[in-house]
Amino acid sequence: MTVISNEPNPSSISSNSSSKSLWANFRFMRMFIAYSLATFGDWFDALAIQIMVAYRWGADPLIIALIPVCMAVPGILLGSVAGALADRLHKVKIMMICDVITVLLTIGILFAPSAAWLLPLLALRAMMGVFHVPAQQALTRQVVAEEHLFQASSLNGFVNQCSKVAGPLLGAVIVAVFSPQVCILINACTRLLSGTVLWPLRRLTENSEPSASGESPLETGEGEESLFSQWQKGWRFIQNSRTLLSTILFGCFGLMAILMIDYQFTTLFREIKPGNEALIGWLGSSAGAGAVVIILLLNRLPRIGYGWGLGGGYLLIGAGIAALGWVSSQTSEFWIIIWGLCIGVGNGLFMVTLNYLLQKETPPAYVGRVFGIQNSLSSVVLVVAPLAGGALIRSVGPSPTFQYIGMATLAIGLAGMLLQRILWVGKQPHPIKSTGELGQESVKQP
């Protein structure tokens, strides 16, 4: 395994970074700015593609449904492999190469004449994201001191949620004044800027760091292992870690329930309030605002209990979804906003806790592989869940489906809170002590 260093004495860097605040960590701040630019541009782009395909091209609903599928398939096929590569190769270079290729593919999307060209380009661009994310998470685990990991996860989540609110809003203005192509061009520019911000980090050298077993790569032979062998080690590591295995399975079960209705809010509102097309916008904005508020609050905390964060997040999401299932044509828009806030708070709570847990409970040598495997499994859910949700809505109707899915998600969250001593036993966030390079210490839950 390797740890990033720019100085001749890596140990001095480790000790100094622990005492500095996160804002004084210039390596992380460069990564944070690059991530912010890329995320903001992606939301401009997503809105533009939807408008271009649905309104300008008048594409068939099946073609529109294939867009998220094409974007999920690379994660299914390559997610775990990308994670192994992130642990094996220079992470900054992976991120920069992905940014450059993303710019070229985005320009290709800009000139795509039809869906037959658009879908393969979207799949290829999604593949760059599959390689970029594990490298970014692995690098974050290395350049951020352990006591600052929760704050780093909160900041990244804050940017993601702000982009969800501001990106589509500004994108809609640009589409109205100019065209969808201008939004796509903005995404290409933000990706180029993202790579430029990362450019000074290209000279960071990588020095050996102990692996999960406490031995150096030379002692374990990991430096000479094949990619396939390291890929297998990543899967075995998750299987042998109750905390990580429980988290990934718990996350997939909840994600399966949520994604069954994630694309069906318009179907629900079309049935209960057919004349009010603005409802979906109010719901999305309130959910984004709720997530931003909870992430700002979490950013002031040094840690959060895993069961409360993951289980509590799903409980709030489930409550909001179930409540929307009981909305009628006489229900005030005020309650739509309230339930949107509830969903957003739950989503922010869950995502920050999930990213923090995966980084905190994974030694630096395995972070890329763990995030890659988690991304791969989530992509499978992303393909299967919407199809199952569509079939359920067709069978029983939108409102009952939202009620059933909401109650199921709420039950999953409640189970996580009640069973947290079993699911996440022996590993809970705790005040950081000087425990060596990996900074990992097992404590029993109170």
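Here the Cβ of each residue, glycine as well, is placed from N, Cα and C on the backbone.
The annotation transmembrane segment is assigned in TrEMBL to 32-55 (among others).
Residues or ranges marked as transmembrane segment in TrEMBL: 61-85 (among others). Residues of the same chain lying 6 or more positions beyond the ends of the transmembrane segment (61-85) and with a Cβ under 8 Å from any Cβ of it are 49-50, 53-54, 94, 115, 119-120, 122-124, 126-127, 129-131, 133-135, 227, 230-231, 234-235, 263, 368-380, 382-383, 386.
Nonlocal intrachain contacts for the transmembrane segment (97-119), taken as residues 6+ away from its ends with a CB within less than 8 angstroms of a stretch CB, comprise 34, 38, 45, 49, 53, 57, 59, 63, 66-67, 70, 125, 128-129, 131-132, 135, 181, 184-185, 187-188, 191-192, 194-195, 198. Feature annotation from TrEMBL assigns transmembrane segment to 97-119 (among others).
As annotated by TrEMBL, transmembrane segment applies to 169-193 (among others). A Cβ distance under 8 Å defines the sequence-distant neighbours of the transmembrane segment (169-193), meaning residues of its chain 6+ beyond its ends; these are 34, 37-38, 40-45, 47-49, 51-52, 56, 99, 102-103, 106-107, 109-110, 285.
The transmembrane segment annotation in TrEMBL covers 243-266 (among others).
Same-chain neighbours of the transmembrane segment (278-298): 150, 154, 157-158, 161-162, 164-165, 168-169, 265-266, 269, 304, 333, 336-345, 347-349, 351-352, counting only residues six or more beyond its ends whose CB sits under 8 Å from a CB of the stretch. Annotation comment: TrEMBL describes 278-298 (among others) as transmembrane segment.
For 305-328 (among others), the entry in TrEMBL reads transmembrane segment. Long-range neighbours of the transmembrane segment (305-328) within the same chain, counting only residues 6 or more positions beyond its ends whose Cβ lies under 8 Å from a Cβ of the stretch, are 243, 247, 250-251, 254, 257-258, 261, 265, 268, 272, 335-336, 339-343, 345-354, 356-357, 398-421, 423-424, 427-429.
Under the heading transmembrane segment, TrEMBL lists 334-358 (among others).
What TrEMBL lists as transmembrane segment is 370-392 (among others).
Taken from TrEMBL, the feature transmembrane segment covers 404-424 (among others).
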Which of 32-55, 243-266, 334-358 shares the most C-beta pairs under 8 angstroms with the transmembrane segment (404-424)? 243-266
Chain residues in Cβ proximity to the transmembrane segment (334-358) (below 8 Å; excluding those fewer than six residues from its ends, i.e. six or more beyond): 137, 149-150, 153-154, 156-157, 160-161, 243-244, 247, 251, 254, 279, 282-295, 298, 303-304, 306, 309-310, 312-321, 323-324, 327, 367, 370-371, 374, 413, 429
